[in-house]
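**Q** First the structure, then my questions, so here it is.
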C-alpha cells in the first residue's frame, strides 16, 4: 500500500503471521479432537517426564484403524508446537527416528485433575456447533444491531440452553469445570472470607462455589441465591441454604455478598441494578466480593492473560446482549455509582480478579 514501507524480513514475518491467522481454526479443532479421543488424559496419566509414541498412544486408546499412529503423529505435532505437549527425538534400532510426546503444565489444565475438573469442557462448548453458528451472524449484528447468537437462534444463549438439553449439559459441564479450578485457587489465595458469619452467593447455581468456601470456613453460614428453578434442583451441601429469587428484585442479607462471573453477562445498567440491591442487603462496613476478568485499558497487549480476556470479551459480544469484560476503572465506576464508599482490587486467581466493594 502507498506510504507503507517495510523491509524484506519484516514482510516475511508479517506474511507468515497472516497465514497463521488465516489458518487459526486449526488449533481449537485439533484440541477438540484430542480431548474427544482422550489423548490428553492418557498422556497426563503417564505422568510428567514419561513419553509416549504415537503407536503407544494408539494402543492405549484401543484404536483399530491401522493408520491411527500416523494420524495421531500429525495431531501431536500441532499440540507440541503450541506447548500443549512436550516432545523429544528417539532413534530406533533400525536407524529410523521416532518422536515421543509428554505432559506439560498446559496439558495439566486440559486434562482431568484430582477433582475430576478440567478446562477441556470449556474448549468443547466454544467449539460446539450451537455457539459456533452465532459467529456467522456477527457481521450482520455489527451492521444491523443486536447480538449474533440471537440472530442465529431468535433468543439469547441462556434461554436456548434451557430448551436444548444436550447443549445445556455441555454448557453446564464447561462452567462447572472452569469454576471448580478457579474457586479452588481463590479459596487458597484470598483471605477475605475469614471472620465472616454469613455469605450470599448471587447467581450461585448448584451451590458448588459456596460448598468450596464453607469447606474451608465451616463457621460461615452460606446462602446460595439463584432463580427458583435453578436452586430447586440443587444438591444439599452442609452449611448452605438454597434460596430462590430474582437478583434484579432483591438480594438476601449477609455479612458479605459474592458474585462470580455475573457482571460480564450484563450491561452497565443491569449491573447497577444488581449492585444497588446488594448495597441495600448489606449493613454498613460490609462488602460485596466480585470475581471477574479485567480487560486492560490499553489495547494491543500480546501476553497470554490479555489474549485470554480479549477472547472472552469477543465471546460476550457474540453471545450475550449487553455482556462485556470491563476495565478496572469501569468496575470502580460501577461501585461508586451504586453507592459503595471504597473499591479495592485484591488478588488474582487464574486471570479472575477478586475485587471488594465496601459499604
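From the backbone N, Cα and C atoms, a Cβ is placed for every residue, glycine too.
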**Q** Looking at S-adenosyl-L-homocysteine binding as recorded in Swiss-Prot, which candidate out of 179, 215, 267 goes with 203, 226, 246, 260?
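**A** So the S-adenosyl-L-homocysteine site in Swiss-Prot includes 203, 226, 246, 260 plus, from the candidates 179, 215, 267, 179.
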**Q** Any same-chain residues 6+ apart from residue 260 (S-adenosyl-L-homocysteine binding site) with CB under 8 Å of its CB? Would you list them in sequence order, or say none?
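**A** Non-local contacts for residue 260 (S-adenosyl-L-homocysteine binding site): 179, 182, 183, 201, 203, 209, 290, 291, 292, 352.
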**Q** When you measure from the Cβ of residue 126 (bergaptol binding site), how many other Cβ atoms are you left with inside 10 Å?
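**A** Other Cβ atoms found within 10 Å: 16.
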**Q** Could you give the Cα-Cα distance between residue 226 (S-adenosyl-L-homocysteine binding site) and residue 264 (bergaptol binding site), in whole Å?
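**A** Computed Cα spacing between residue 226 (S-adenosyl-L-homocysteine binding site) and residue 264 (bergaptol binding site) is 17 Å.
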**Q** So which one is it: of the binding-site residues 179, 203, 226, 246, 264, which has the fewest other Cβ atoms within 10 Å?
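**A** Looking at the binding-site residues 179, 203, 226, 246, 264, the Cβ with the fewest others within 10 Å is that of 246.
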